[in-house]
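Visitor: Have a look at this one.
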Amino acid sequence: MSQLGDGRCGAVAETSDHDSASLLHESEPLSLRHKRTSENKNDSGPVGYFCQCQNQSSRDIPLPEDGNLRVVSVSATSAKISWTLPHGMDQIPHSFLIIYWSKESKIESISTDSSSTEIRELKPDMDYNVILWSEIKQGGRRDLADVKFHTDVPAPENLTVVSVSATSAKISWIPPHGMDQIPHSFLISYWSKESKIESISTDSSSTEITELKPDTPYTLTVCTEVKHGGRSRPATVTFNTGRVPPPENLSVEVNSPLVLVRWSKPPGVDQVSYLLSYSSEGEEEQTISTESLHHSLHDVRFCTEYNIRVCTVLNNLHHSKPVYKNFRKNVPAPEKVTVVSVSPTSAMISWIPPHGMDQIPHSFLISYWSKESKIESISTESSSTEITELKPDTPYTLTVCTEVKHGGRSQETSTNIHTSRVPAPENLSVDVNSPSVSVRWSKPPGVDQISYLLSYSSEGEEEQTISTDSLHNSLHDLWFCTEYKIRVCTVLNNLHRSKPIEKIFRKTVPAPEKVTVVSVSATSAKINWILPRGMDQIPHSFLISYWSKESKIESISTDSYSTEITELKPDTPYTLTVWTEVKHGGRSQSSSKIFRTGQVPAPDNLFVEANLTLVLVTWSKPPGVDQVSYLLSYSSEGEEQTISTESLHHSLHDLRFCTEYNIRVCTVLNNLHHSKPVEKTFSKTVPAPEMLTVVSVSSTSAKISWIPPHGMDQIPHSFLISYWSKESKIESISTDSSSTEITELKPDTPYTLTVCTEVKHGGRSQETSTNIHTTPTMPENLTVSSVSATSAKLTWSLPSSWGENNQYSFLISYHSEESGTNQSSTGDNSTEITGLTPYTEYTVSVRTVKKHGVQSSPASSRFHTVLPAPEKVTVVSVSATSAKISWILPHGMDQIPHSFLISYWSKESKIESISTDSSRTDITELKPDTPYTLTVCTEVKHGGRSQETSTNIHTTPTMPENLTVSSVSATSAKLTWSLPSSWGENNQYSFLISYHSEESGTNQSSTGDNSTEITGLTPYTEYTVSVRTVKKHGVQSSPASSRFHTVLPAPEKVTVVSVSPTSAKISWIPPHGMDQIPHSFLISYWSKESKIESISTDSCRTDITDLKPDTPYTLTVCTEVKHGGRSQETSTNIHTTVPAPEMLTVVSVSSTSAKISWIPPHGMDQIPHSFLISYWSKESKIESISIDSYWTEITELN
């Protein structure tokens, strides 16, 4: 190497060995740059950087050997370099200047006395140039060497395995420092002993590795990659994948006829299936693969021990260890064995059949026993039975179990019964009649197939015993007037018997009953009585005695139940008695009666019936007389005729028509006494027709009928009918019949009508008359249209024969069996009938009504109201799997039993139907995010069904799960949620986030992720937040909701502006977002010796006063709102200063001394202190004295 020196601050001209270095231009050799620099001394580049040399020529500075400047190590942000100390520099004070730069950075330099250094704060993945200069303290400087290096790409930091499952692992890392402005990504590589290296790339600082093998150790590296191929050293971590998790919560629900196996999905796995196997001893294992979380087993035998296993199977066919469970399908036992009834020898029992056994052939085994008897068993397929042949008054144990055909048997359900005692007969009664005594009793409850033992006796007689199956018995051989004791007991088939019931009775001669004076005449009386009960077969008679005050007692005897007493005196009171007598001398008590004989009575009910050929006179015999005759006499204006007869009637044939006769009849006794006559006057006339009736009237005719006069059957006669109106003359017709029809009448006209009887020889009866009014013409073309549930429209035509001036209205009558008949009126030829009962048959008629009220014949029709459909079907709410709907009940159905049929279906599902009596229902088990068609119709009991009312619903998607609000600040909150667990991978969705407060209303945002941050919130405000799933076509799920409250923000950057001995000024930055919220700030401060003091201000600065000098204080500031809310505190510390004395005064000065005084500082009364006085002059040093007083004298001054 040659050196050139000219005494100026210059450069060393070097050979091309340094062409690899670059300082200003990447391709320019160092020697050329040094030449250019020496020619342009004022250049601002690295070479022109030097100042003038001082005291020593640059030619005297030793140079290091070539190639000894080297890069020891390079990292992403630093580089270590070293060089060899030039020979001869040991004794020369010197240092080295290192200059370095890159394309993107400015020139930097560092200085060192050492022969090595570290350059820091470099940029990663960057080319750097370095020049080494030597400097001596006296001003010489020289460039020695240069070098080039490239900083490393920094590796990721804190590589962490966040979570590991059987087939995946989540990892994260901290991005390397300084790479914010450099485009880069991360390369993740992973492998196991059995697998080749796999790699993925991501821009994120975390990722999930999938499709790993379960229970396998993996090595994983992450390195930083830049766009142009640079790559960092790898960060490495190892982990072991977990085993395939088995299903959880395995449960077996044993029902009849199936066994339901359930389990839950293990955490951490998706898209799995399950392998279920089950077996019993000696049977081949059955295996089922399913993606469901449950399975039903139908072919499981009763009373067999089964082992069931379930394991998780991944898509790559790896599977977990199985979870086990043993179970036995027992035959279910009967439930609630109930003793329905118990008798002395039987018991009726019932039970509830076990659930689920409807399709399984089975029976029930009933076993029963007592202490004294062996076990008896019966079998039945019914759910009740009767156990018979039990012992009375005995406790029994009873069991019922279920049996299936192949030998399985359930546990026994047991109960206890106690048979009752043999009950005695009830209601024993003795009916003492003649000639027998009837004994009756009633069957005791709870026993069947029994007999009875009856015994009776009297004093001194042997007891008689009778066995009978009947509930009564008659005793025939009992003595009158003797006391008997009777007993009856119950006897079972097994000869067990009850205690007897007893009764005592006596058989007496019964007296006649109800002695009655049937009739009394002037000389006799008829009496009768009722035969005493039970005397039919006993020989007996009756003794009748009677007397008056004037006569002695007379007696007669008879076997009959009635008699007649004769030869009595008229108008006399008599006493009468009747006894029963039996052959052997017994006599009953007497029954008595009082009566009085009457006067000779006149005939009764005199009646004269006059016919065309004869007059029949009848009368009735007067009561109380016998062997009488009658004297009948009759007369007109001429001679009286008299007839004597014993008959009660007489016919007179020689009477004239239209002549008035007087007739008299009187009673004649055998002793010729006779009564007063009864009289009657009559005349013999032609009889008129009876009950003239208008059968029907139409607009032009009338049908009439009448009853022919009585007694005219053998007399030739006819009937004359006459009729007329005001406008017409009298018309007459004759007929032999008792009815006729009058035709050619005028409509709507009143007529008078008469009918009389005519005989051949000119006789005519009186007229029987009536009035008729022909009806108006009835409406034509009656039509029923527009029939609804509660109304119908009617139309008809006006009668074609009417003129324009007819005044009329129409009477509409409609009738049903349920509501009867209703009527309405109208002047038009149409009407609407309302208020009808739905689903009912009606008969309707329309009559013309003229002004004066006359009605036409009806025009009639029938119709049937329809069954009304529900109204306004409303979808109240829709969720992912259900919908609530309601409707308005159809009008008029209050009294009609009905229900509603709801049908619903989607494109993928069949029609489902439910029925309800309510006007609302819930439809469940729908598929999420599915359109459904829904119909509602009304149904009645006998099959009628209305039209359907339809609507459409669309179930919502499944709502987000596990909504969590975290990191709530004054103006923001972070939300996270899980995707619905039922979704597959291909679901296209987003999430709609709504958040609401009373102050700011509702805001919304949308995201495709399952987390978001809500910003711009109002501090110290309650928010309601909801997240809905939004599918591609816009359908939203039900909301997942939560509440949170933004915090009250604290003041920021509390600053102590100034501090004095007794006060301090502080300020702070108001919290963001509080502009619209009334608030203040609470400042609290305290020292060790003082309690906490607080002040409040609306400003963002304040003065704190009354502090103690030279005292440390702690100070906090927090935000307050009106209703008591308070933020976290922002704190700082202050220390008050020591106050200076005031008004220092020189009181006097002498040649060697000076007196001075001062005012003590304020607030130092309680603080121990002194005063330091220092004084000096130019020629003297500083002197000091200390004093507790407020003045002093300084002495020994010059």
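Numbers here mean position along the shown chain, with the first residue as 1.
Including glycine, each Cβ sits where the backbone N, Cα and C put it.
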Visitor: Which of these ranges is annotated region 'Disordered' in TrEMBL: 1-46, 369-414?
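Guide: Going through 1-46, 369-414 one by one, TrEMBL flags 1-46 as region 'Disordered'.
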Visitor: If you look at how TrEMBL annotates this chain, which of 815-835, 941-961 comes out as region 'Disordered'?
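Guide: Checked against TrEMBL: region 'Disordered' maps to 941-961.
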Visitor: Grab the same-chain neighbours of the compositional bias 'Polar residues' (946-961) for me: Cβ-Cβ under 8 Å, and only residues 6 or more beyond its ends, written as numbers and ranges.
Guide: 866-871, 873-875, 878-883, 885, 887, 890, 903, 926-939, 977-983, 989, 991, 1010, 1027-1031, 1035-1040
Visitor: How do the residues of the domain 'Fibronectin type-III' (155-247) split into helix, strand and coil according to DSSP?
Guide: 0 helix, 48 strand, 45 coil
Visitor: If I take every residue in the domain 'Fibronectin type-III' (155-247) and average their pLDDT values, what number comes out?
Guide: 90
Visitor: How does the region 'Disordered' (760-780) divide up by DSSP, counting helix, then strand, then coil residues?
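Guide: The composition, in the requested order, is 0 helix, 8 strand, 13 coil.
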